[in-house]
Every structure is written in structure tokens, then in C-alpha cells.
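Feature annotation from TrEMBL assigns transmembrane segment to A:12-36, A:56-79, A:91-107, A:113-136, A:148-167, A:196-213, A:248-270, A:282-310, A:322-341.
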Amino acid sequence: MRLEPREHTPLAARLLAPVAAVAAALALCALLVAWTGAPVLRAYGLLLEGAAGSRFALTETLTRATPLILTGLAAAVAFRAKLWNIGAEGQLYMGALAAVVLGGGMLDLPAWLLLPTVMIAGAAAGGATLLGPAVLKVRFGVDEVVTTLLLNFIVLLLVSMLLEGALKDPMGMGWPQSAPVVEAAELPKLVERTRLHTGLLVALGLSALLWLIDTRTIWGYENRAVGANPRAAAFAGMPVTRVMLRTALLSGGLAGLAGVIEVCGLKGYLTLDLSPGFGYSGIVVAMLAQLHPVGVVGAAVFIAGIFVGADAMSRAMPVPNYIADVLVAASLLCMLVAGLLTRYRLRRG
Amino acid sequence: MTSPPIVLRLSGITKRFGPLVANDSISLTLYEGEVLALLGENGAGKTTLMNILFGHYVADEGSIEAFGQPLPPGSPRAALAAGIGMVHQHFTLADNLSVLDNVAVGTEPLWRPRSDRAAAKAKLLDLARRFGLEVRPDAPVGDLSVGERQRVEILKALYRDARVLILDEPTAVLTPQESASLFDTLRRLTADGLAVVFISHKMNEVFAASDTVAVLRGGRLVATRRTAATDREELAELMVGRALKPPTPAPLEPGEPVLTLSGVTVGSGHGRPLLDAVDLTVRRRQIVGIAGVSGNGQTALAELVSGLIHPESGTMALKGEAIGSAGPAEMVRRGVARIPEDRHAAGLVGAMAVWENLIAERYHDRAFQRFGLIRRGAARAYAEEVIAAFDVRCPGPDARTQLLSGGNMQKLILGRTLAHGPDLILASQPTRGLDVGAVSYVHGRLLEARAAGAGVLLISEDLDEILALADGITVAYHGRLTPVLPHGRVSVRQLGLLMAGHWEILPEIVDAA
């Protein structure tokens, strides 16, 4: 068997690839489900019901999808420019840190002013976190996979230090958590008596905005050219370094915003388990979406649905909810294979 | 007269890459002691055929017989065992190992405690002596010249007892003198009973070295001829499928200088500078050709005039105006049209649309953007114009650029740069890898621009191209440039000597001129 490049990839193949990948992942994980002794179809049925079977399930899935859309966009934006940002998790916590510091009563502003201020500050904190590795990459060729990945641990330790010290909530009964943000810094709810908040609208708006920037502006034009062929972009006279740094700020900013929105829309305060790996799942989201800013929304809702649905399923059956992690990981692997097959065809001999 | 024994027989070889038929039922026979030239344009299927023979690819149909035995497909190991050796266009040597190690690597079992170096060395020296392939067995390959490396590659094949040698465009990197010495080696090899296949798209090599010539066009074998019984015109027609006439530059009076380099040095940081105190003047209505073996500073010179790198000392002036460290965008604004050496890697963004590539150098123009928003309609309309004016064969402005053929990509770059009436054209290997039709198109456009008043700096490894187009020729060697020698006052032999670094002959040329 060998691979030969395809001259042309039909649009249908590009659209079908994620669907086929997810189907393959579900089929593979069916083996694991069957191993636990649970009936496979019923398990998947419960998973679907838990993800989208009721108003509550749906709002839970969308709540979970909100930060994933943002971290997914962060990964998509960076990966398109071949900036391998693995540090969205750390950038998210930096954004969250900015949110609890500025929104925790330090600024006495009305909600219409405080919320944008906190969001911008959180995005700036996330962007600044990625700017360092990006500068090192551009100036000295330091591998950003290593630096961004390791920065995650540094940021988590910093947050841990602050939660045990300077930012520790005096009313928190000794738990390592920050003081809650003030009411003016809380994002309004989207649906009453659910956890779904207006952060979702921010995420959706940014997805559409990024798509417009990508296709309609000279900014996006430069980004795409630099991402696809930096040497040709430099030859044509494009500011490659500036584009890289700009991309880093944008990507880190989106991840930072995810942190702000989790704090201000959902949790209210900062703890060390604010994110169950949203930064890393964002990479899966971006890959499933083939790095398309609008596709990210669909992929984020799908991944969120798997996690929320698996929780519901595990309550009703003897299948642990870790199956969600396996499913998501399998989807990513299958997507990589599907992506390969859209670019190459398999030939015998 | 009995014909010598057959060493290789290819029957009905067909290879498809998707809808493209790279080889269309090709049958060839190679006899002992014969040099077969495989002639054809780029993309005619020469390299594919040889890669099938050597086992890199598997043919969809057809079979190969070596020395009467069927050759198992898809296995370079089997090809080697059958006595087939291949010298690739891009050498496959380890720079940090010695000549002997490079030759012997892979021929000894790994588990033997110590290798018999003395025997290996003796065998190597014996081969070298027999075939006139002079090498120093203990020299690191990194220190060797390109010609010497090629000798090592050939020795590598002979060391494995090759009886059939395949050479893929062996002269692309050689000076005329080195080529002559290679052909001499080939004759010694065939006198010893070896058979040689060499791939080429250069006519004069075919006549210099081969006994038989097989012409490929569009994946099909269109003719096989005894070399002695054919001529250039016939082969050219077979290769292209129609008659071509060479470019005829009309003599023009050069105008004022458009590019002046004085004492420009670049890359002096590590050992020998890439450009070493270079002086050069290109005038309007003049084509100055830079001849030289690759790697003698041509790339640095092209990057300098492209605006990618800047002089460390010395000055560069455009139209009499000194420019300090102007980047690519500034060079374009000042009227420099730049045709890059590698159109895939540096010229175009393959994943983007044709129209997006066409505006890549001037997307900041008011014609193409307002307040940062791309005027897609205007850009597409402009692209349609350029596509028509430069005869780019593509489905339309929205086509993805990587689907275009090499010739059409080059037309796209010409359209992007020449459509704006440049003062200076930097043409770096402008026809490398193009078929004959596209080559004559590019040459025509360059001559047209010259007649319109542009100065052209033509950097090419193809001496024939420089001789066909240039008004003045300078030779690059080790980062230095000879003075510009008027075309017609310098012979190919002299150019070859200059390319090999024998600059002591310069005074006699300059005096005669």
C-alpha cells in the first residue's frame, strides 16, 4: 500500500471527513463500551439524550461548548499560521486571573464598562502569555511546542501560589479559591434558570468575525499567505514577523477570553479546576473543524455534547464517563487519518 | 554483425498518477556497452521511468527484465542486486563521512565486529584507477566539489558491482569541462561492458555522449534513433512536437544604469562571504547574464536585488539612487520586477487562489483594498486581465495555484511582475524546469521588456540560455563576479574555465575585447 497525493480534493470530501472520522471513533469506542457489558446502542442513545435530549441537556452542552469555541478558535488561528500553540490552557488561566483581579472589586465601574474592560484585560493577559514564546520562535527559532506546553505548568503553579496567598478568599473557609467577582462583572444569563450565559454570544460573534477577517481583509489575506508559505509571503513583501506576533496575540487573547468568560459567566471565582483541559480540547476542536473558524462552533458543540452526554450516561449505566475522553481522543486520531485521506489517496502495490 | 547481449528490457511500462499518465506503455531495450540517452522535456516522464526501473515506484502495467531475469517491482534492493545502479540528480551522500565510508556504507553486514577497510579501500582505488574517477578515499565528502561528489556517487554504484548505470540529469550541476570529463568516464565504462542510461533535456550532451537516443514526450516514447543517424533539428521537433525557432535578440544601445552594485559584500560572518566585494552595473535595454556553477553567490545576489538581504558593506543603487536596506515591498515600489529562483517555494502560495497570488506584491494599493477590506471584485477583474495578457492556462482567477503546471506558474509570476512596466528585472533561473514552449515564451517576454527599456539581470545555470539572451556576461565564482564581458567576445571554453575559477585568463579576454 502506498499514498499518492490527490490533485484535487472535492468539497464533499472535506465536509464528509469529520463526519466519517466521528463515525469511526464511535465504532471503535463501541468495543470499549461492549467490554463493560453495557448494551452499545442503548449507551450511545443515553449519551445522545444526555447531550441534546432536553432543554436542560441542550443548555448544558452549549454552556460547555462556550469556552471550547474560544479555545478552539485560539488553536485554529495559531495553527493556520503554523504557530503551534499548545499553551491555551495556561493562557486561559491567565485570562481568568485578570478577571478575578480586576473584577473582584478593584475597579468600581458600571457593568457596561466593567465587563468589556475585564474581557479586554483577560485577552491581553492571554495574548501576552503567548507573545513570549512567539518572540522566541521568531527571533531565535525556539520550538514553541515546548515553550507553550511548559508555560502551562508555570501558569498553573503561579495560579496555585496566588490562590494560596495573595488572592485567597478570606471568606472561602480555607479553600484555595479567589474571592468572587462583583455583580457588575457577571455576564447576564442567556436562558433563565439554566447555566447558559451570554458568553456564548461573544464566542459565536468572534467566530463569525474571525471568518470575515480571514476572507475579507488584507489582515486575513496576510495571515493565510504567511501560514501557507512564509517564504513566498516574505518574498512578496509581507511583514512575516509582524503577522506571526499578531497571530500570537490573537490566539492567546482568545484563550484568555475563554478564561474570563468561564469566570464571569459561570463560576464567579477562580479555582484550580476552572478548566477541565479546555485548552487541550481546543486543539481537538480546531482539528475536527479543519481550522475553519465557523467549523469550530460545530466541532465545539460536538465535543461538549460528548462530555455532557457521557456524564449523563455514566449515571445510568456501568460505563465510566472517561469514555468521553477516549471518544474525543479517538475522534482526533480518526480525523487526522481522514484529513490525510482527503489529501492523498491510498493505492495498492 | 551480431548485436551485443541485451542487459535490460522494459516492456509496456505504464504508470499513472491519478488522471495523469506519466508513462504510457513504454518499451525500451538496452544493450551491453551502450550509452542510451533518454531525452525529453520536463514532465515527459523520464525520471518516472527510471524510478520505476530502480524500484522507487511500481508500474501499473508492464514488466522489466534485467540480464534475462524478471526484475521484482518496487524494490531498490532487488535492482541493486540485479546490477542496476542509480546516480540521482540530488546526491545522496553523507557530508560528514569520508569518501570511502560513503561508498562502503550499506554493503557490509551490520553485525560484523570490524569492517575490512583495507580491502574496501583497495577495491575503491582499483575502480577509480580503471575508470579514471580520481578521488581521495579519506577526504570528507563535505569538502569535495560538486564534480568530485558525482564521481563518488558513480563509484558507489560501481562498488556494488553495477553493470547498468542510470544517471539522472548528471550535468545539471557541472561546468562544461567537468561534463566533458564525465563523458570520458562514461566511454571507459562502456568499453568495459557496462551499459549507461542518462537522462537529459540538453541536446548537445546527447550528441557528445550517447550511442542511442530515446525521445519521450508526454509520457510516450515517440522515437528511438541511433545518435549518429539523427540531428538536432529532428530531435528538437520530436521532443516538442513542433518546430521552434531560437530567440533573436536585436542589438540595442544600452541606456543609463538601472542597477549599480559597488563593492557589495554579504554574509561575511561565516568563512567565505556569499558575495565578496561585487561590482556590477545593469543598464536599460541590456541583459546581463550571470553564469556560474550553482552555489557561487548567485542566490545571495538574487536575494540582495529582491530586497531580502542587504549589503554589509558597499552600496547598491537603483536608477542612480542609493538604497540602504529596502525590503521586498520597497524594491517592488521602486520598479524592480523579481522572478524568484524557486517559484514553488518562494514565488507563489500554492494553497491560495490565482487572483490572490497576482495581487501579492501590491495588495496595499488603493485599487485592491479600502480601509483594510480587500476589493475582491477589482482584484478578480485585474487577475482576469493578467491571465489573458500573459496567456496563463488556468480554469479562472479562483483556481488554486498549485494545480497549475510549472510553465503556467511562471507565466503567473511574469504577469505579476512585468505587467507594471519595470525598470529592472531580476530573472533568477527563469526557465528552470520549464518545457521548451514555456522557455521560449519566457525568453520572448524578457526580450520584449528589454526592448521597452528595462534592464535585465539574468541569473542562470544554463549556459545556453545566457548565450542566447545576454548582451553581457559575467561569471560568478566563490562569491565574486568577473567584469561584464561583451557577448561574442568570450568563448564557451573560456566561460567554462572562468566558472571553474581559472580567472588568470581574464586579462587575455578583456584585452581582446
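Using N, Cα and C of the backbone, Cβ positions are placed for all residues, glycine too.
Looking at A:91-107, A:282-310, A:322-341, the range that has the most CB pairs within less than 8 A of the transmembrane segment (A:12-36) turns out to be A:322-341.
Contacts between the transmembrane segment (A:196-213) and the transmembrane segment (A:148-167): absent, as fewer than 3 C-beta pairs lie under 8 angstroms at sequence separation of six or more. Same-chain neighbours of the transmembrane segment (A:282-310): 14, 17-18, 21-22, 46-52, 57, 60-65, 68-77, 79-80, 86, 88, 203-204, 207-208, 210-211, 214, 255, 258, 319, 321, 323-324, 327-329, 331-332, 335-336, 339, counting only residues six or more beyond its ends whose CB sits under 8 Å from a CB of the stretch. Pairs of Cβ atoms less than 8 Å apart link the transmembrane segment (A:56-79) most often to A:248-270, out of A:91-107, A:148-167, A:248-270. Long-range Cβ contacts of the transmembrane segment (A:91-107) within its own chain (Cβ-Cβ under 8 Å, at least 6 residues beyond either end) map to 67, 71, 74, 85, 114, 117-118, 121-130, 155-156, 158-159, 162, 167, 178-182, 185, 251-252, 255-260, 262-264, 269-270, 274-275, 278-279.
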